[in-house]
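Engineer: Mind having a look at this structure? Questions to follow.
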Amino acid sequence: MKSLFLTGLLSALTWASEFASYPDIPLDYLYTTEPVTPLPQGYPWGSKTANDSHPEEPTLTGVIRSYDFHIKAGQIAPDGYLKDVLLVNDQYPGPLIEANWGDTIQVTVHNDLEEGTALHWHAFLQKETPWQDGVPGITQCPIAPGACFTYTFVADSYGTSWYHSHYSAQYADGILGPIIVHGHPTVPYDIDLGPIMLSDLYHVPYTTVLEHLFDEDFAVVTKPANNNLINGRNSWNCTLKDLGDDTPCQSNAPLSEFRLTPGKKHRLRILNVGGSAIQKFSLDGHKLQVIAHDFVPVLPYEVEFLTLGVGQRADVIVEALANGTGTYTMRATIPPAPCANSVDHDATALVHYGNTTSTFSNSSSEAWPSFIEALGVCDGLPTEEITPWYAIPAPEAPATTQIINVTLAQNETGQYLFYMDNSSFRVNYNHPVLLLSNLGNNSYPDDPEWNVYNFGSNNSIRIVMYNNAIRTHPIHLHGHNFFVEAVGLGEWDGHVDHPENPVRRDTAMLPQGGYMVISFNADNPGAWPLHCHVAWHVSSGFYVTVLERPDEIAEYKIPSVVGQTCRDWWGYTNHTIVNQIDSGL
């Protein structure tokens, strides 16, 4: 059984009579005829293997995978409570994008909203196409209402990822979907169950969450989510509605369902695509063999549960019981503070053996004791427990080091904001940093709130982040799979974990009261966001731009359509006031 999503717009509180499924996921790669795939060597990427080829240097296949997305407002009831949402092609989660390593992905985005938008392709490196990264005010202007923009970029890494809006906190309302890039096989398996997307759920629109965060009560943190979802589904007890809340609601909404074949090995692609919460994931009675973190294949290791911050992914193999019968429970749980604002509802899904079909089947399986015991632990395994499959050494002595102190403080009007070295971020949608840099403008003394760190032509960069604020934070860097050199509490002592082959990720956890040290080779000229992936935190200023090799950015021939997108946006803002309540991202 493939991953399930809610589809269509609901004019009344009903669930769709048919829940559409993501297409069957092939075990190896997608087949095409124009041009012919696979190549004579047997794979779309030729004779390369996971052992002998750099995972960020694909063979270009010449195949274009085209998609057409319409983004519009709607209403759905993911857990039985009807809510306003923003949807991609009337689906939640949005459509699956699927490609082979080295294919070109092309997505035309039509903005049918009454506000701007832009889509970001999480963890794609965008080498030589940084203007396709999809971050308004940084790599492009927002797509104006009624306008469209076509993103074209190479599937330059392989594994599991996702796309989402990067305009304000829109994606928390539903503008997101999974991406699968087929690449080198590492660990064999028999069946691919596809994406399993974990997300916290707010019953109110994202704008209401932001208004609460920035209102006169000077909230330090957002209100906790109302529920938690697996592939867009869970149930909710409608008797918990606030007094006077007349929103249509029905308890016992259907859960997501999956099916295991006895004795077979199944690949599960787990993604945390929520707005805020760290997720604990497990499957009762079945251990998880981890084979990839983010877009990085790793030497396989076995666990009973996973811990994923927002933006993080893990590919795992589950071997079904040889004589398995009945139904088991899949669990996604939001841990309490300091990991997240606690919520009193876990997400569950049903995993069947045999021919069980009832959506409301009860599972009698029990959670792993280790899963229960670890609910108060915010981070996953220590970095020394994870070994990338393909070894890449960290820069021996990075050319430059930047220390960033993260704090939480009130601004002049009393609102709590995050500060990066005493500067809270705010974007200017009308003047994308990448386009300014392309014109030779790399200094912004009149706009310190842009938080641009110009690293010049340095060939390697180390960033040391200290968390003097609240909570553990999932830190995401665009344009790179960075080396996680060290993570810990207190002050960094200068030690680098496994410098010959450190953990590589695009999103890693910065602990409360601690530090995270990352480094990367500066081989990708661009304006790359570095930010907390909690939607409400980046909305509150937890963000900087890494300006990498601006001398080479000036040499880019940026397509004219990027400029036209700005002209369309400027035309829209000439007669419409943009209510930028937050940082803009």
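Keep in mind that glycine also has a Cβ here, set from the backbone N, Cα and C atoms.
I grabbed these lines from Swiss-Prot:
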- 71-184: domain 'Plastocyanin-like 1' (DOMAIN)
- 195-355: domain 'Plastocyanin-like 2' (DOMAIN)
- 431-551: domain 'Plastocyanin-like 3' (DOMAIN)
- Asn51: N-linked glycosylation site (CARBOHYD)
- Asn237: N-linked glycosylation site (CARBOHYD)
- Asn323: N-linked glycosylation site (CARBOHYD)
- Asn355: N-linked glycosylation site (CARBOHYD)
- Asn362: N-linked glycosylation site (CARBOHYD)
- Asn405: N-linked glycosylation site (CARBOHYD)
- Asn411: N-linked glycosylation site (CARBOHYD)
- Asn422: N-linked glycosylation site (CARBOHYD)
- Asn441: N-linked glycosylation site (CARBOHYD)
- Asn458: N-linked glycosylation site (CARBOHYD)
- Asn574: N-linked glycosylation site (CARBOHYD)
- 1-20: signal peptide (SIGNAL)
Engineer: Applying a 10 Å Cβ distance cut-off over all chains shown, what neighbour count does Asn441 (N-linked glycosylation site) have?
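Structural biologist: Taking every protein chain into account, the count is 13.
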Engineer: To what whole number does the mean pLDDT across the domain 'Plastocyanin-like 1' (71-184) round?
Structural biologist: 98
Engineer: I want to check the contact list for Asn405 (N-linked glycosylation site): same chain, sequence separation of six or more, C-beta distance under 8 angstroms. What comes out?
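Structural biologist: Sequence-distant Cβ neighbours: Met420, Asp421, Asn422, Met465, Tyr466, Asn468.
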Engineer: If I take the Cα of Asn574 (N-linked glycosylation site) as reference, which of the glycosylation sites Asn51, Asn237, Asn323, Asn458 has the closest Cα?
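Structural biologist: Result: the closest of the glycosylation sites to Asn574 (N-linked glycosylation site) is Asn458.
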Engineer: Near the Cβ of Asn323 (N-linked glycosylation site), how many other Cβ atoms are there if near means within 10 Å?
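Structural biologist: For Asn323 (N-linked glycosylation site), the 10 Å Cβ neighbour count is 8.
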Engineer: Tell me the Cβ neighbour count for Asn355 (N-linked glycosylation site), meaning other Cβ atoms within 10 Å of its Cβ, over all protein chains shown.
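Structural biologist: I get 6 for this one.
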Engineer: Given Asn323 (N-linked glycosylation site) and Asn411 (N-linked glycosylation site), what distance in Å do their CA atoms have, once rounded to a whole number?
Structural biologist: 61
Engineer: Spatially, and counting Cα to Cα, which of the glycosylation sites is closest to Asn355 (N-linked glycosylation site)? Options: Asn237, Asn411, Asn441, Asn458.
Structural biologist: Asn237
Engineer: Give the sequence-ordered list of residues that share a chain with Asn411 (N-linked glycosylation site), lie 6 or more positions from it, and have CB atoms under 8 Å from its CB.
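Structural biologist: Looking at Cβ-Cβ distances below 8 Å from Asn411 (N-linked glycosylation site), excluding near sequence neighbours, one finds Leu417, Ser424.
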Engineer: In angstrom units, rounded to an integer, how far apart are the Cα atoms of Asn51 (N-linked glycosylation site) and Asn237 (N-linked glycosylation site)?
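Structural biologist: Taking the Cα atoms only, Asn51 (N-linked glycosylation site) lies 50 Å from Asn237 (N-linked glycosylation site).
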Engineer: Pick out which of the glycosylation sites Asn237, Asn422, Asn574 has the most other Cβ atoms within 10 Å of its own Cβ.
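Structural biologist: Within the set of glycosylation sites, the most crowded position is Asn237.
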